[in-house]
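Asker: As listed in Swiss-Prot for this protein:
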- 14-34: transmembrane segment (TRANSMEM)
- 59-79: transmembrane segment (TRANSMEM)
- 95-115: transmembrane segment (TRANSMEM)
- 124-144: transmembrane segment (TRANSMEM)
- 154-174: transmembrane segment (TRANSMEM)
- 177-197: transmembrane segment (TRANSMEM)
- 213-233: transmembrane segment (TRANSMEM)
- 261-281: transmembrane segment (TRANSMEM)
- 290-310: transmembrane segment (TRANSMEM)
- 328-348: transmembrane segment (TRANSMEM)
- 363-383: transmembrane segment (TRANSMEM)
Amino acid sequence: MEKAIRNFLSQESAGGILLLVAVVFAMLMANSPLSGLYQGFLGTDVQVRVGALDIHKPLLLWINDGLMALFFLLIGLEVKRELLEGALSSVAQASLPSFAAIGGMLVPAGIYLLFNYGDPVTQAGWAIPAATDIAFALGIMALLGNRVPVALKVFLLALAIIDDLGVIVIIALFYSSDLSTISLAIASVAILGLVGLNRKGITALTPYGILGLILWVAVLKSGVHATLAGVIIAFCIPLRAKDGSSPSEHLEHSLHPWSNFLILPVFAFANAGVALGNMSLDTLLSPVPIGIALGLILGKPIGVMLFSFIAVKLKLARLPDNVGWMQIAPVAAMCGIGFTMSMFIASLAFEQADPMYGDLARLGTLIGSFIAALVGYFWLSKVLPKKGV
């Protein structure tokens, strides 16, 4: 198990570096004479027509609705594996990261709403600081190598996966609108087909892919966010075949490099380009960016630590073996790395609002995530034993 986790984290570390490069490249383009080219590229109309089906969207939305559906497929596969066989497969294992994740979502959301009280437009962004970027957080931890106890790595992995599950629920409940009955009916039929494949023990991935594509189109047209189709598909793919092989894990391993080295960097490049030319100090300290940044920097660690402490004191959970509060605290700070997940929620929260709100949300996310990453890394490095000790 330790070797598998190390392999996973080493890939996350490399992907995290590429993510950072994509963000820097996007910011440079958005604040240079190339800004027109950058915005024009993302606004390029892309149309797909098959018979009566016509999907017509700018490139940015193809990235956010299409590529990110594959990322959520990967998240769904990870969640299912951890629930059935991994770090969340028993109450004892799942209790502490579950309480930590709940606190890590509620407190940042509360801080954001505190700064945006009374404004119905900006209040829509309450879930932005509630997210944790699993790839980036694990990548930062991976930089510390084998100094990090395996139990601490598993705790962060489990917490981040539960956080992702919370984000999925939030998207389904709060960021769906103008629902289409016909599209939802088609989606329901596709889901029944996927469940039927699972129940019959079909392990070939092609039938799941065909029905999954139909489901994605139906969900895209339904008013429910299309990324949720990826999660549904993941939950329907069998974890184990009769011969002991795992179609789910095979697909998960195949998707990981695509996610780390293509999907997430492309998403970051498309969404992180914030033009700073017209922004003043007053703008940076306005309710949206300050609420998000403080939610990530302060809300995440406070929420994770507070709910974890209460759960342990009430004997509802216990600390992992060989892990103390001094090690949990910097990991809680790392949970403030919202990055791609926070930017994704921002794109949903302010989709119909003035583009300025989206820029402010992305800026708050970048500032908060960057500070959380620095604090978490140096804090954890300080409390862990030195190499060779």
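Placed from the backbone N, Cα and C atoms, the Cβ positions cover glycine too.
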Asker: Per the 3+ Cβ pairs under 8 Å rule, pairs at least 6 apart in sequence, do the transmembrane segment (261-281) and the transmembrane segment (154-174) touch?
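Answerer: Counting Cβ pairs under 8 Å, fewer than 3, so no.
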Asker: May I ask you to check whether the transmembrane segment (95-115) and the transmembrane segment (177-197) make contact, with contact taken as at least three Cβ pairs under 8 Å and only pairs 6 or more apart in sequence counted?
Answerer: no
Asker: Please check if the transmembrane segment (290-310) comes into contact with the transmembrane segment (213-233), where contact means 3 or more CB pairs closer than 8 Å and the residues in each pair are separated by 6 or more positions.
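Answerer: No, the transmembrane segment (290-310) does not contact the transmembrane segment (213-233).
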Asker: If you count every Cβ pair below 8 Å, which range out of 14-34, 213-233, 363-383 shares the most with the transmembrane segment (177-197)?
Answerer: 213-233
Asker: In the same chain, which residue numbers or ranges, 6 or more beyond the ends of the transmembrane segment (363-383), come under 8 angstroms Cβ to Cβ?
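Answerer: For the transmembrane segment (363-383), the list is 23, 128-129, 133, 136-137, 140-141, 143-144, 147-148, 272, 274, 276, 279, 284, 288-297, 300, 326-327, 329-331, 333-339, 342-343, 346.
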